[in-house]
Amino acid sequence: MYVLGIESTSHTFGVGLVEERDGSIRILVNLNEQYTPVKGGIHPREAALHHSRVAPILIKKALKETGLKTSDLDGIAVALGPGLGPCLRIGASIARFLASYYDKPLIPVNHAVAHIEIGKFISRFKDPVVLYVSGGNTLIAIQKKGRYRVFGETLDIPLGNLFDTFVREIGLAPPYLVNGKHQLDICAEWGGKYIPLPYTVKGSDLSFSGLLTAALSKASKASSREEIGDICLSLREIAFNMVTEVLERALILSNKEEILVVGGVAANRVLMDKIEHMAKQHNSKVSGTPLEYSGDNGAMIAYTGLLLLQNNISVEPERAFIKQRWRLDEVELPWLREF
Amino acid sequence: MVERILSIGAEAIVYLVEVNGLKIVVKQRVSKPYRHIVFDNEFRLYRTKIEAKILTDLYLNKIRVPAPLFVDLKNYIIAMEYIEGDKLINIINNLDKLHLEEYAEELGEQIGLIHSFEIYHGDFTLGNVILCSRDRRLYVIDFGLAGYSRDIEEYAIDLHLMRRNILAINPDLYNLFFNNLLRGYSKVFDKSDLVLKRLEEIKLRGRYVEERLKRKLIGEKYIE
């Protein structure tokens, strides 16, 4: 069984292909192209334009690398949300076309579910506490009664967004990443002193907006590179402490023994170190997600699509609407019923 | 004499200690290896202090919380009365309907009273409520994230945390439990209307909430 997956929820257009044979699943190909803004943040229309340009190239390349023809596929999976409307429409249009023209099942995939499922696939964890941290999301979820249940989440901005906004506002970005390293991690190296900044944890929920405002206000008064560095260092330290604390609380409250970290920020070494330190005290296992599968990618959509197809979940192309706001905890997943 | 460890929580180790035949609880906030030492000490100090202060305040106002006995700020320790019983999180699935309703309402009253003293809990979940086996009443514990505030927002967050907690622990009990909790809450707290209104707003603030998109569209297009 072969499933092609298309990801286009935000800055990344991705194509993945997975194969299932005798019960074992393999990722055959994972091709991703990122749109990078020249200035400011992601411009949805510009990103969509980028996606429409690279889409046919990547899909053809994926098929060529695997030696498959479109007619060999058993299903077309696409991330229908959550995400940016113009970007989502590119992936959805292509997937609808492929599914109806080649008469293949069209599989609707929730982007957040896909991040978690690919993380579980790689870590081989069965029932973890999940921390999903990226530019668009910061949440903690557990599996319960057929769904991922949100245990805690940000009440305002996501963690990745906090970092991106801060480095942009102080004039360091774009580019947000330099050789795979975030600008915040780079400027944190300039400093060495920890300064107090707001720390807002509400039970298992978080709030980063006060931290951002305070850090920006301090940065506007900073007069040297070292001072900016101190702010970056402290901002990162406090934000990661907050995340680690709520994760620890969720781990204890839910009585789980595994921690899975997914999403773009899962590749951050400083965060993973903190989480590993915390987990050690509770004899819990931790798994991050390798860079290739932690950021937005096509393989995670293909893989989750395969799981859904095995459970006979598909959608008629004319009813495959994009959902810009499609919450993780809305999605019924048959394989989570046992939890 | 330390009898046993009652719990290893997210930030503290809780010991059961016997002194001259009296059982007491000793809670020590431990150092977290993932936190930088500067923040670590500041945190443990602040949270020990605020918990002791709030416990004292609530206890003197006859709210059912463990009676604080002594504080040692140097070692980040609070000693308090031992409430023998089960945490609500561990027994909620085994309660019959009648008891569930009764306890939910009682808990609503408890948190309502706490709010009426301008105190919020900050981590109001089923794991922080004990059903005392002695008097079969509910005791709210763990005030490390609590604080003093007149801001409706803080009170609404408490209810929001409990709502999300019950949804994560056992979604089937949500309606029965939470409706009764709100009933008890409204009974004792005169600002409950404002808090419940804010609670709805908080729900809409979560990521990707469908109603928010709809409301926004209606707001921009159809209403002045």
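Quick reminder: no glycine exception, Cβ is built from N, Cα and C everywhere.
The substrate site recorded in TrEMBL includes A:Tyr132, A:Val133, A:Ser134, A:Gly135, A:Gly136, A:Asp185, A:Asn268, and the single candidate from A:Asp103, A:Asp164, A:Asp230 that the record places there is A:Asp164. Record note: TrEMBL gives A:His111, A:His115, A:Tyr132 as Fe cation-binding, and the candidate from A:Asp296, A:Asp329 in that site is A:Asp296.
In this structure the alpha carbons, written CA, of A:Ser134 (substrate binding site) and A:Asp296 (Fe cation binding site) are 9 Å apart. Cβ-based crowding with a 10 Å cutoff singles out A:His115 as the top-ranked of the binding-site residues A:His111, A:His115. Considering only the binding-site residues A:Gly136, A:Asp164, A:Asp185, the residue whose Cα is spatially closest to the Cα of A:Asp296 (Fe cation binding site) is A:Gly136.
Of A:Asp164, A:Asp185, A:Asn268, all annotated as binding-site residues, the residue with the shortest Cα distance to A:Tyr132 (Fe cation binding site) is A:Asn268. Sequence-distant neighbours of A:Gly136 (substrate binding site): residues of the same chain at least 6 apart with a C-beta under 8 Å from its C-beta are A:Ser10, A:Pro82, A:Gly83, A:Pro158, A:Gly160, A:Asn161.
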